[in-house]
Each structure stands twice: as structure tokens, then as C-alpha cells.
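The active site, proton acceptor annotation in Swiss-Prot covers D13. The active site, proton donor annotation in Swiss-Prot covers H43. The feature GTP binding site is assigned by Swiss-Prot to 12-18, 42-44, R258, 284-286, 324-326. According to Swiss-Prot, the IMP binding site annotation covers D13, E14, G15, K16, N40, A41, G42, H43, T127, R141, Q179, T194, R256, on the basis of sequence analysis. Positions annotated as substrate binding site by Swiss-Prot: V252, V253, T254, G255, R256, R257, R258.
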Amino acid sequence: MTCSILVGGAWGDEGKGKCITYLCGNDKPDIIARAGVGPNAGHSVEFNGEKYGLRLIPSGFVHTDAKLMIGAGVLVDKDVLFKEFEDLKKYNVKERTFVDPRCAIITKDHRERDKKSEHLAKKIGSTGSGCGPANSDRVLRTVKLANDVPELEDYLADVSLETNDVLDNGGDVFIEGSQGFALSLYYGTYPFVTSKDTTASTFAADVGVGPTKVDEVINVFKAYITRVGEGPFPTEISQEEAESKNIEEYGVVTGRRRRVGLFDMELAKESCRINGATQIALTCVDRLYPDCARTQSYDDLSAETKKFVEEIQSETGVPVTIISTGPDLKDTIDLRKELL
């Protein structure tokens, strides 16, 4: 049995969606479990020529034999969930998705409070999804749980029990985190952070898996850094410089333009240390080094790219096992057999 957790190494938008889709398609886990805050972050998935922006359903949905679980630590907006059921109908997502009855529920009131809050909407740069107010109500013990929502009755399951049963019987579980380390309520650039911790240990707790059962922690970084909203960004470059490097990105949930910066080695080292990373996945290498676009062999990477990868490994002490060189799943260099 193996239990792997995938986490974002910076401020989110690291390319977790593609990594999850690739890893789940290749490794074929029995359960893919969503951890993290809730529908305030979007994962982009490109598969068979189609693009999907997901906020609750695990990005590994393309592995159609897996059960899809949403852990107790995740906030659920039933409207978002049901829309994704419809959007992913051909993958039979509705029939194999299960929500822990202890998930807290986001309501219209939470969304309105989020959007109307001068502090959250303007200073912090909240996505307006209602996650902050919902987590606040959870702390106050006034929030509704999934068990209280009749429309969710057919989708309820004890996620912790099911994931641990699979692991205890030799199966494989993949835990999908959201956002990124630098947005952690505890370790991020406070107060410009999200409404809970976003590290690997919390993602395990979100799903109800104990730390002794976790085998791999895969920390995802882009070859450059991006950030949506306000807050410190030490390596930020101007929009003009970003455009000169052909980098222009927009958030999946908000549509806001992402700020761009150079790779931050100090952030990477701290992220790997606190997450307990055992592997690094490096994405968007083709954006920084266009001559490496769609490369599928490490030997075919340019000397400059290899030097960059080796520097990350040397500084963090963590092997770079996955290198993404394009948006398609086949544009991936998988070095796990060689390095692990």
C-alpha cells in the first residue's frame, strides 16, 4: 500500500491539476481524496483535448476506476459540487464521489459576507467563495455540516474509514491538496493568506489519515512563481517583463491576472522542510525554457534547464522526480524509477 500527498509549494497555481491527472492516470490509486480549504481554489485539467476548471472534485477524476472522496476538513458548496457533477458527466463522477458527513457547508450567507467584507475582499484579496466566513463559523461551532443537508444524503460516506480500510488492505490512496504552502494560515505571508493551514500534515488530517501512513509528499513548484491578490512577493517582476518571457496567466476561480516572479529558492527550501517533501514536481519548464517544450526525456533537456533542476535538488535536498514540459499529459518527464 502507498499513501501519497500532493501539495502546492508556493502561492497556488503551481500546476497541481496536471500533476495529479498524470500521477493518478499512471499509478491508478483506489481512492483519490480531496483535501484543503474548499472551492476557493481552482485546479486546471487538460485531458483528451478538453479543459476543465475544478473547485471540489479531485483532479484525478480521469482515472475512472477510482473512488473520489472529499475529506471532512474540506468546505463544501453543494451548488459547486452539483455543477461539477454535470460538467463531468461522461466520467461518471456523480456515481463515484463521496462527501464526508463532517464537511462544513458553505451557504449563500457565507458568500455574501465574503464579498461584502472590505477586509477580505479588498485588503486580503479573497476569491469571494465564502470559505473564510464558513471556516469562521466552524470555529464558532455554528456552521451546518454535510450531514444536515438532505440533498447530499446519497453522497455521504465516512472518508477516513474508507481510506484507512483501503490502505490497511494493501490499496493505494492519493490525497490532493489545494492552494499552496505560502498561503498557509500558519506559515504563509500573514495576513495575506487563506483561512486554514495548507501543508501536507493538515491535508492528511483533512482526510483522516494518520502521519505514519503517509509514504510520499510531492511538492509542486512552477519554474517561475505566480500569485493572485495582495501580499508580499519578494521575487516579483513587472507585467512587462513577464510578457517579455511570454508569461501571462489568470486565476481559474476569479479570472484575475496573476502576478509573476522568478523562482524563489528560499521559499522552496522552507516549503520542502515544513511539508516534509520526499519529491518535487517541477512544472511549466517549457515557459521558462521554450527550447524544452514537449520534451519527454531528461537527456533531451538543455544544459541550462538541467542546471536549474540540479540546483533545486541540491538546495532543497529533495529529488525532482516529475518535470512538466507542456500542457498535455504526455509532455512529462517521470524520473521516479531512477531517483526513488
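From the backbone N, Cα and C atoms, a Cβ is placed for every residue, glycine too.
For the recorded positions H43, R256, R257, counting C-beta atoms within 10 A of each C-beta gives the highest total at H43. Within the group of binding-site residues (K18, R258), the Cβ with the highest number of other Cβ atoms inside 10 Å belongs to K18. Distance noted between the C-alpha atoms of R256 (IMP binding site) and S44 (GTP binding site) is 15 Å.
Proximity to R258 (substrate binding site), judged by a C-alpha distance within 10 Å, picks out D13 from the recorded positions D13, N40, Q179, V285. DSSP gives T127 (IMP binding site) a coil state; it is part of no helix or strand. Look at the Cβ of each of the binding-site residues N40, T127 and count the other Cβ atoms within 10 Å; the largest number goes with N40. Ranked by Cβ neighbours within 10 A across all protein chains shown, the binding-site residues G12, G15, G42, G255 are led by G12. The 10 Å shell around the Cβ of V285 (GTP binding site) contains 27 further Cβ atoms across the protein chains shown.
Of all the binding-site residues given, namely S44, Q179, T325, the one with the smallest number of surrounding CB atoms inside 10 A is S44. In the shown protein chains, 27 other C-beta atoms lie within 10 A of the C-beta of the residue listed as 'active site, proton acceptor'. Spatial neighbours are here defined as Cα atoms within 10 angstroms of one another, and by that definition K18 (GTP binding site) has no neighbours among the binding-site residues T127, Q179, R257.
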